[in-house]
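All remarks here apply to the structure that follows.
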């Protein structure tokens, strides 16, 4: 039986060391979000900084750049090892791509080699699925497993920001779908055509791994990070 979600976000992460992969992207926002829970946030740029962390966040940004930099800084293999060993990891946007076992449309380098991922999530993702930067959008989503809203009015939808976000095209049998964008949602012109009448998966969990297509760190939405804290503590 899991413990109920806490409403005291400022203490939820007390005593935990949360690493944030700080090679590229919006890692500063994730560090602030982790520290807002009372955790110690640690920017990860070299393998030695992985020692002693309780969980890791892979931020949004450019998945191809993070992939190349992780290999250049000799972080890719240590990260794969930690993920395989059960380290709790949360990936947002590019982080979702990097946690996926498969990319439907991988980028390639000049030699034609496809981008690599750290893997761990039995999912197939499509990069930039909702369109380009100018087609970014915001929407309210129902999200399974979150704590109560700050207003105390019950579990409120997540206000999600999508910035060149991926979506999940396939989930394996051990993957739980936490949120999806529905065709019946408000018809933002920026993503209505992309949906083509099909619900698109934008948040998933499999055991110790959590991923979202969107960016809770840029909206002040605390509950996704709080869910990750509860996962680290074994409470969710």
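Keep in mind that glycine also has a Cβ here, set from the backbone N, Cα and C atoms.
Feature annotation from Swiss-Prot assigns L-glutamine binding site to 61, 62, 63, 127, 163, 164. In sequence order, 63, 97, 103, 104, 105, 106, 107, 166 are the residues near residue 127 (L-glutamine binding site), counting only same-chain partners six or more apart with C-beta under 8 A.
The Cβ of residue 93 (active site, nucleophile) lies under 8 Å from the Cβ of 59, 60, 61, 163, 164, 165, 166, 212, 213, 214, 215, each on the same chain and at least six residues away in sequence. According to Swiss-Prot, the active site, nucleophile annotation covers 93.
Residues or ranges marked as active site, charge relay system by Swiss-Prot on the basis of sequence analysis: 215 (among others).
Residues or ranges marked as active site, charge relay system in Swiss-Prot (evidence: sequence analysis): 217 (among others). Following the DSSP three-state reduction, the secondary structure of residue 217 (active site, charge relay system) is helix. For residue 217 (active site, charge relay system), the same-chain residues that are 6 or more apart in sequence and have a Cβ closer than 8 Å to its Cβ are 26, 29, 30, 32, 33, 59, 60, 92, 225.
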L-glutamine site shell beyond 61, 62, 63, 127, 163, 164, criterion: Cβ within 8 Å of Cβ centroid: 25, 60, 93, 94, 97, 128, 165, 166
Least Cβ-crowded entry, counting other Cβ within 10 Å, from the recorded positions listed as 164, 215: 164
Fewest-neighbour residue among binding-site residues, criterion Cβ within 10 Å, set 61, 62, 63, 163: 62
Per DSSP, three-state class assigned to residue 127 (L-glutamine binding site): coil
